[in-house]
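**Q** Mind looking over this structure? Questions follow.
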2 protein chains.
Amino acid sequence: MSVEESLKPLFSAITELKPSFIDRLSQAVSIPSVSSDESLRPKVFEMAEFLKSQLITLGAEDIQMRDLGIQPPPVVDPKLQLPPIVLARFGQDPAKKTILVYGHYDVQPASIEDGWATEPFTLVQKDDKLIGRGSTDDKGPVIGWLNSIEAHRKVGLELPVNLVCCFEGMEESGSLGLEELVAQESDKYFKGVDAVCISDNYWLGTKKPVLTYGLRGCNYYQITVSGANADLHSGVFGGIIHEPMTDLFKVMSQLVDVKGNILIPGVNEMVAPVTAAEDKLYDPIEFSAEELSQAAGADTGYFDDKKDILQHRWRFPSLSLHGIEGAFSGAGAKTVIPAKVVGKFSIRTVPDMDSDKLDQFVFDFVKAKFAELGTKNKLNVELIHGGAYWVSDPFNDNFTAAANATKLVWGVDPDLTREGGSIPITLTFEQELKTGVVLLPMGRGDDGAHSINEKLDVPNYIEGVKTLSAYLHYYAAGAK
Amino acid sequence: MSVEESLKPLFSAITELKPSFIDRLSQAVSIPSVSSDESLRPKVFEMAEFLKSQLITLGAEDIQMRDLGIQPPPVVDPKLQLPPIVLARFGQDPAKKTILVYGHYDVQPASIEDGWATEPFTLVQKDDKLIGRGSTDDKGPVIGWLNSIEAHRKVGLELPVNLVCCFEGMEESGSLGLEELVAQESDKYFKGVDAVCISDNYWLGTKKPVLTYGLRGCNYYQITVSGANADLHSGVFGGIIHEPMTDLFKVMSQLVDVKGNILIPGVNEMVAPVTAAEDKLYDPIEFSAEELSQAAGADTGYFDDKKDILQHRWRFPSLSLHGIEGAFSGAGAKTVIPAKVVGKFSIRTVPDMDSDKLDQFVFDFVKAKFAELGTKNKLNVELIHGGAYWVSDPFNDNFTAAANATKLVWGVDPDLTREGGSIPITLTFEQELKTGVVLLPMGRGDDGAHSINEKLDVPNYIEGVKTLSAYLHYYAAGAK
Ligand SMILES: [Zn+2]
Ligand SMILES: [Zn+2]
Ligand SMILES: [Zn+2]
Ligand SMILES: [Zn+2]
């Protein structure tokens, strides 16, 4: 029997189970598991318990609520417990392939005062939209995996793979403890995992499904310029001392040009050239400059061409100036000469940029430009946060399974996309488990994750469950 | 009888009254009349009442507590009353000259938690220092005038001039209502004023008294660059849109060079050249580059030469970059592309800079540099606060009287100084009353007005009362 044949009854069951699936998501959304709000930490734990009870009901084995200990500072409550990482398995058949699915059960903050049209922690169905905090990020996809199990059980279809679930509760707050756990469990709980599927991003637009095969990295720097030992009055000291702000502006203004080109020697030279094969991947992608203007709320883009826009968002580096710590930042007119200012900027990284070399290029350039100034102020430049880029072969077994599943459910080949931001856990799974990761999104580009009125379209939710299910079957059938 | 002869018994009385004078200052300091703290507003009123009772005791006439109405927003209490301006006269003899003395009875905030060694609102005498908030700024000088009256009464010496007192309670909070009152009363309460004396600044150093004949003005500008309609994520938008921060840094970095030279065409050309006579005024001034390094807490000055330092502080313009509103200003690493940023800078102005022309030069330059960028973001540049410079003839009758008084009491010719900052009321009195103003300071350069452990040295307080008194007598004797 072909994969498609065997999926027919499963898909019918998924369609029939729609009310039950929506009810399950509704229960999940009703628990305000906001990881960044210490006062709501008990709700994050409650959400973990909800998942555990669902997993038990669905027949999961070896369920483990992994204690991550106390949250490190800065915290208000020094004894604040981290929510557990929930681990579970469905099947341990050595004859089957093993897929690890990752998702997060914590959510962003939300309050009706922020401008929500409805109570954010009550899932409301309006037209064909399921509105509520976490609907698309990331409770929809997490519950989606559970729904798939339920549908398999209902039609008596055996899961085609061993499924390992890894659901964390701190994703919106830096994924504290996750990397360590993945490393520790790589040859224990996660032993034998053949492929990883993460459903925690979005279609590029609103109509065409995508698979995501790349993420930019990010190296975040700060430049500290210090002069006097306290802020000075510009009336008394203006015109007679080297002002740290003047020096900082001179240096930071030379990092990038007004068209976004990075001016630090050596950086652009590290970027892998676009191959003809890669360039062709951009041809079918549905996207336009208008969509960019709409998203930014202004017509301030550099490019009109689709490929230019997407490639500069996804596969070329960028440098952004974020702000200054220690300078006047309020409204009005304060006549201060700040004594010590810390300029912040970051570089989005892509293949084949070497992170250490990049740091060195940045440090050398900043120091050279500062030295040219001939100022008596002091300089320090440092990397304060780093995260590597990730790119996968979009035609490996894992992606092929996801592409086949998408094609079957949505009737189109998915666009192959990257993202400009980073999802650090992707690289962690790939490196620690030495296996491939596919990013298989459920929601659409306009879902408003992290915004007010976050939603998940009913078709994305229900067809999404079908896609996740079909992915498992195609992977089982096709993986070598 | 010479002025010096007639002052002898007065000076003896002042020396004898020292305990009473310290007690009067102690009472004044014990009232925490912090004008910027709404919760302490009743204390500002209490301080006004304290002055009124002192003025009554000392025989003042025509005492008026001038109601200034409700404080305009921003305020917490929409009905917050402004403290009164206290007006009083001693004598209305048409045969005598009339001197207006100005001071303020409000003070800066202070709390022991800020690092004060003693309770800030309790005047503590330690060695020869009177420590307490307001001791030098500006309760010492205000009470100093009252002490002078008391001493005259004690020895039965008639005041040689008609004295008009103008004491305000909002100086530390923008002198709300003062300018209007001075304008209104110019030919009423203040009619016939021949000269104005303000004792609300400091010696340049700690050893030599000064008279101050100039203040720089200040034009404060902001440059607004706006792009998207909301802050954007640099992962998603970095590399594809014009970033307002990049544009702002490009423009602001071109305003001034690293040695403090203003790069806006036309600005330096407006500055009056230093004449030989003016330059000679700097010869006797006691000051060294070491004092600058000590004040700044760092050796980051542009100049080693005394004249260079003082002239660039007092009589050349300067341009300082103060900060950015709307950008990331916190600690850590936030990967935001700010949608709208407002850069703040100010230019300290001196003779003969025309304020309107200066604005036009600034606007033209900023707009031209922005246009050169070829960005799609939007620019706005505006003046948000302006205050004119002030310079007096340091050899007129008013200054001569003050110089003679200083010489008699301290035994040296005072240094003739300017200040880099502004005291806007100086110009207001000069323009509205069409008369000269002298700035005759009581305290020393290290008094720490606005800082912790503010103090006034006992000799400065007591000899200061003698100086203020002698000033009145020399003015009466010498003014044409
Ligand atoms: Zn997420
Ligand atoms: Zn999220
Ligand atoms: Zn003052
Ligand atoms: Zn003050």
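Cβ atoms here come from the backbone N, Cα and C positions, even for glycine.
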**Q** Of the residues A:His233, A:His312, A:His385, A:His473, only one is listed by TrEMBL in the substrate site with A:Asp200, A:Thr335, A:Arg348, A:Ser422, A:His450. Which is it?
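**A** Candidate in the recorded substrate site: A:His233.
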**Q** Say TrEMBL lists A:Asp137, A:Asp200 as binding Mn(2+) 2: which of A:His104, A:His242 is in the same site, per that record?
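**A** It is A:His104, as the record lists it for that site.
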**Q** With A:Asp137, A:His450 listed by TrEMBL as binding Mn(2+) 1, identify the candidate in A:Glu172, A:Glu179, A:Glu180 belonging to that site.
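**A** Among the candidates, TrEMBL records only A:Glu172 at this Mn(2+) 1 site.
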**Q** If you count other C-beta atoms within 10 angstroms, which of the recorded positions A:His104, A:His233, A:His450 is the most crowded?
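**A** Selected residue: A:His104.
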**Q** Measure the Cβ-based neighbour count of A:Asp200 (Mn(2+) 2 binding site), defined as the other Cβ atoms within 10 Å of its Cβ.
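**A** A:Asp200 (Mn(2+) 2 binding site): 24 neighbouring Cβ atoms within 10 Å.
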**Q** Calculate the distance in Å between the alpha carbons (Cα) of A:His233 (site 'Important for catalytic activity') and A:His450 (Mn(2+) 1 binding site), and round it to a whole number.
**A** 41
**Q** What does DSSP assign A:Asp137 (Mn(2+) 2 binding site), in three states?
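**A** Where A:Asp137 (Mn(2+) 2 binding site) sits, the three-state DSSP reduction gives coil.
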**Q** Would you list the other residues of this chain near Mn(2+) 1 - those whose C-beta lies within 8 angstroms of the C-beta centroid of A:Asp137, A:Glu172, A:His450 - in sequence order?
**A** A:Val107, A:Gln108, A:Gly134, A:Asp138, A:Glu171, A:Ala449, A:Glu454
**Q** Of A:His104, A:Glu171, A:Glu172, A:Asp200, A:His233, A:His450, listed here as recorded positions, which sit with their C-beta under 8 angstroms from a C-beta of chain B?
**A** A:His233
**Q** According to DSSP, which of helix, strand or coil covers A:Asp200 (Mn(2+) 2 binding site)?
**A** coil
**Q** How far is it from A:His104 (Mn(2+) 2 binding site) to A:Glu172 (Mn(2+) 1 binding site), counting Cα to Cα, in Å?
**A** 8
**Q** Whole-number answer please: how many Å between the C-alpha atoms of A:Asp106 (active site) and A:His450 (Mn(2+) 1 binding site)?
**A** 12
